[in-house]
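Taking it in order: structure first as structure tokens, then the write-up.
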Amino acid sequence: MAASMWKILRNNVSRKNLYRLLFDPKLAIFSMCALLLAELVVNILVIKKIKYTEIDWKAYMQEVEGVVNGTYDYTKLKGDTGPLVYPAGFVYIYLALYYITSYGHNIRLGQYLFAGLYILSLVVLFDIYRKTNKVPPYAFVFMCCASYRIHSIYVLRLFNDPVAMFFMYLAVCCFLRDRWAVGCLIYSFGVSIKMNLLLFSPALLMVMMVRLGTLSTIGHLAICAAPQVVLAIPFLLENPVGYIVRSFNFGRQFFYVWTVNWRLIPEDIFLNKYFQTALLLAHVLTLLLFFMFKWRRLYPKVKFGIWMQGCNTNLSPNQILLPLCTANLIGMSFSRSLHYQFYVWILILGVIELCWNTYPSTVISSSMLHLCHAFLLYTLWTSPEYTPTVKKAVATKME
């Protein structure tokens, strides 16, 4: 009888420990370590077993090869897919890859380098989630191992989006540690690789104003600007207008054949300037609505205005991450075109994964993606995080 009771007790303890390992955010470190090892194996298997697909790598190498040959006029740098349209940081990163991979020919080595970038990105992302102390460990499985599209973007396509997002995640880690100057420097370098990171900038400006105050924010904006100028000096000296127009071209047209989110409308509407202007206005309006009615509630003791003093204490992870991630989602929701490599901008589950894995995109997949974005924006809008009294009541009830 004693042996039976001991067995029952041991089983109950084992079940309790297993439950905590799966659902307790405080124990997420164990699942994170296990997933990093699993991802190392998965990436190696993907590289060895699945055929590499050429999309942009060759064009990237052709674009930076122009710089190797002494061309610093951005209007003359191009590849098979068209002209170079990324800022100077992209050139330096892929110039390094150009030499490391034997002038771009050793693609397998490039794949392993991107596998390493993927693992590093996971380490940084896991650190961000660990800081929030809210995500249950089981969710990380769906975030990484279960996503075919993410692995494809990194190790089978070698796009520049993962490189830019790595620096964004690293910058966020610095912001969470109250290292704003370093974070701004890293963020700016990410923007210099691909300017989609500017989607975070409205929320980042607000958060810096809250934490640092107006005067210090101006100084940190100078830190953001400095890498853009320094990295671009060779190209600015050659053709400043050409560099600015090409690398920060906000008006360039996207190909309808690659769009994931607007397959539900005809191509003539997709390319219509009025439609694109309407998306921009909707984007700005939604940002303003969240700022006026939601984001400001995260800082109940802060008096907003043009001249702000800043906080005397560090911001909580929620006060930093919620506006940043919301701003990025708003930008994606009203984007003129989302392409398949853009999936690394945001990591969410279920139907969105299905939408991004549908190629070519269809009316149904594009419509479902918009519905998912709308649902996420709605849940963010109604989040109790923006209403401290409700949040406190919920926490009290749970206790």
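Note that Cβ sites are derived from N, Cα and C of the backbone, with glycine treated the same way.
Among the features that TrEMBL reports, transmembrane segment is placed at 21-47, 84-100, 112-129, 163-180, 186-206, 218-237, 274-293, 342-359.
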In the same chain, residues at least 6 away from the ends of the transmembrane segment (112-129) whose Cβ sits under 8 Å of its Cβ atoms read 28, 32, 35-36, 39-40, 43-44, 47, 97, 100-101, 135, 140, 143-144, 150-151, 154-155, 158, 162-163, 165-166, 169-170, 172-173, 176, 317, 321, 347
When counting C-beta pairs under 8 angstroms to the transmembrane segment (274-293), the leading stretch of 163-180, 186-206, 218-237 is 186-206
Within the same chain, the residues 6 or more beyond the ends of the transmembrane segment (186-206) and with Cβ under 8 Å of it are 86-90, 93, 160-161, 163-168, 170-171, 174, 217, 221, 223-228, 231-232, 247-248, 287, 291, 295, 323-324, 326-328, 330-332, 342, 345
